[in-house]
Amino acid sequence: MKIAPSILSADYVNLQKDIEVVDKAGAEYLHIDVMDGSFVPALSYGPGWVKAIRPITNMVLDVHLMVQNPERYVELFAESGADIIGVHVEATPHIHRALQQIKNAGAKAEVVINPGTPVEMIKPVLYMVDQVLVMTVNPGFGGQKFLPETLKKIQQLDQLKQTEGYDFDIEVDGGVKDNTIKACKDAGATVAVAGSYIFDAADPAGQVATLKEATK
Ligand code: DX5
Ligand code: ZN
């Protein structure tokens, strides 16, 4: 399973150091949470951060847009160096267009669903995505508790991969720790985001190793 540390819980003053630590520890993705104060209550950071991070790591930059009408920004994030750009199906009435824009801009396209959104909502676009992000908490903040009812949706998506021949990655985000990651993997998730579990600890590299160990 690929591990995607979320810099939302990193030390912003020493961000480069935190990124190097998880990079060296073998994390494959770096998860960057963009919040607009509208789709979610909090504000975080914009494309300038992606641009600043791009030259300091070869990790896959996995940008999670928690913004209303994300199609306004996808080109900017792609130009800034994002490898994967995720848009919430709840945030736009034009999900096909938003995903197509991401692909046209040369990035991998991801569709994201909140815990309260059924898989049915994204069935029409599954053929065109590289990754599906199943939120395992309601987005907006780090450090929330994993919602186990989301596991059923992961299983459902994994089933659809088999029956329809899709090959997207399934990512989980929110409340991922050593005691929740295994259930995600067993349900079919292939990428796990973890913020507070990794960066709130004294030894972030050790936390990455523990997550990897828990899914062996
Ligand atoms: C929450 C963000 C997450 C967050 C996860 O809205 O999308 O990526 O950083 O934090 P933890 O791992 O602490 O739940
Ligand atoms: Zn996220």
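Quick reminder: no glycine exception, Cβ is built from N, Cα and C everywhere.
Take the divalent metal cation site that TrEMBL assigns to His31, Asp33, His64: the candidate from Asp167, Asp169, Asp173, Asp178 listed for it is Asp173. According to its DSSP assignment, Gly142 (substrate binding site) is coil. Classification of Gly175 (substrate binding site) by DSSP places it in coil, neither helical nor stranded.
The CA atom of Gly142 (substrate binding site) is located 10 Å away from the CA atom of Asp33 (divalent metal cation binding site). What surrounds the divalent metal cation site, by Cβ distance within 8 Å of the Cβ centroid and not counting His31, Asp33, His64, Asp173, is the set Ala4, Ser6, Leu8, Ile32, Asp62, Val63, Gly86, Leu133, Val193, Gly195 from the same chain. The DSSP secondary structure for His64 (divalent metal cation binding site) is strand. When Cβ atoms from all protein chains are considered, those within 10 Å of His64 (divalent metal cation binding site) total 27, not counting its own.
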